[in-house]
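Trainee: TrEMBL lists these features:
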{"type": "DOMAIN", "residues": "1-124", "note": "domain 'DOMON'"}
{"type": "DOMAIN", "residues": "130-332", "note": "domain 'Cytochrome b561'"}
{"type": "TRANSMEM", "residues": "169-188", "note": "transmembrane segment"}
{"type": "TRANSMEM", "residues": "209-229", "note": "transmembrane segment"}
{"type": "TRANSMEM", "residues": "235-257", "note": "transmembrane segment"}
{"type": "TRANSMEM", "residues": "269-290", "note": "transmembrane segment"}
{"type": "TRANSMEM", "residues": "302-321", "note": "transmembrane segment"}
Amino acid sequence: NLYDLGGYYNKDEGLLEYELSAIPKSGAHTSKYFSMAYSEDSLMGDDLVTDCYVTSDGKVKVGSSYNLGQSNEINDEFKNSLHSIQNYYSNGVVVCRWRSHRNRSLEGRHFDLKRNYHILLAMGDLADDKGTKQYHEWKLASHTPVNMAQVGAISVSDPLYLVRIHGSFMVIAWVGTVSLAIVFARYYKQTWVPSTLCGVKIWFAFHRGLMVTSVTLMIIAQICIFYYIGEYRIGWHQIFGTLAFTLALLNPIGALLRPHPDAPNRWLFNWGHWFLGNLAHIAAIVAIFLSTKLPLADLPRQFLWTVITFVVFNVVVHLILQFQTFCAQNRKTHDIAMQDMSGSHDDHNMGADTPGTGFRRSGSPKTRITSVWSPPDSFTSDIVIRATIVGTKDTFWTDQDTRVVRFSNGRVATD
């Protein structure tokens, strides 16, 4: 929406004359208001407001109202001090011209309109054709106080950057870092098992780092949008977004209080962490979809298809990794004899990468594990694992019965 606002002082009549023009994106057939206000600061509250609005039947009118805190009230006393000159809608442009007395008062508040004031501009939907306004969708404020009776440019601040930060950070968090954190936790627990990063297993280091980054982005995004709006507004986007944000805060807190891996009630944490994490992710994606309907977001149509593409890609990645894991764990080879047969499925009890590690590492240094049918004569077991370390040309055999490891260079060791 484009605004053009001008004013000058008529000394002979002691009146200020204004002209406000705006271009509504949705056209004049929808009930819209375009308002300007005189304010002691750049924030909403105790402000003298003049409204140029388009009714549902396409008529353009001028009205007056007052910002009482974060709410707006129509005031007949102010309205009577306005003198409408010309109001019309033509070629997609709404134009309002009016005159006003220099001095105006309301409930003990005195406004001398030849003084310098911050100028506030706002746009939104009408609740009815009488001029009752819904919460604004867009607003601007002058950086410094200005005098509308003097010629000069007005420098304005665009707080919509806070909305953009909110949306960008939420998309980066839920589409990017959270999605990666889930993949690491779900499919990489038995990858890079012997190695650690910052004192913990590599998958957990990535998972924790990504989740800390995600929650930090979410908190910054929430601060930005609450500072811009100034209150909590009910809507489906807000409901799903609040649910996702709340669960995103609760899940790390639960992780800090998790029981020891060997604790009998550990399974409760595992299922709870999995459920809350997935519920939060789904709620966040729904909230992102719903944001495409918000006028304040003003998102292009391509954004919706971008989100749809991500959802499809995310599902495909999970299906591929799940299918690969299933195939790797169910291969009819003898390498399954190397697994811990104690019945425990906790990753802390397993000391080697699970099948499919090479695929998951996707280009990182690999160890290729193969089974052989003819063990060396020095082994008594029928089940032998042969491994070749790529890049070193070193090969070793492991006898599952005696736990003896023989390297191709002649070195012998026990695990």
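Indices start at 1 and increase along the chain as displayed.
Backbone N, Cα and C atoms are what each Cβ position is placed from, and that goes for glycine too.
Help me see these features in their spatial surroundings.
Mentor: Residues 202-204, 206-207, 210-211, 213-215, 217-218, 220-221, 224, 241, 244, 248, 277-278, 281, 284-285, 287-288, 307, 310, 314, 317-318, 321-322, 325, 360 of the same chain sit 6 or more residues outside the transmembrane segment (169-188) yet have a Cβ under 8 Å from a Cβ within it.
Only residues 6 or more beyond the boundaries of the transmembrane segment (209-229), in the same chain, are considered here, and those with a CB under 8 A from a CB of the stretch are 159-160, 162-163, 165-167, 169-170, 172-174, 177-178, 180-181, 184, 245, 248-249, 251-252.
Counting same-chain residues at least six beyond the ends of the transmembrane segment (235-257), those with a Cβ under 8 angstroms from any Cβ of the stretch are 170, 174, 178, 211-212, 214-215, 218, 222, 269, 272-273, 276-277, 279-281, 283-284, 286-287, 290-291, 293-294.
Listed by sequence, the residues of this chain that lie at least six past the ends of the transmembrane segment (269-290) yet keep a Cβ under 8 A from its Cβ atoms are 170-171, 174-175, 178-179, 182, 235-237, 240-241, 243-244, 247-248, 250-251, 254-255, 258-259, 304, 307, 311.
Counting only same-chain residues 6+ beyond the ends of the transmembrane segment (302-321), those with a CB under 8 A from a CB of the stretch are 175, 179, 183, 186-187, 285, 288-289, 292, 360.
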Trainee: If I take every residue in the domain 'Cytochrome b561' (130-332) and average their pLDDT values, what number comes out?
Mentor: 88
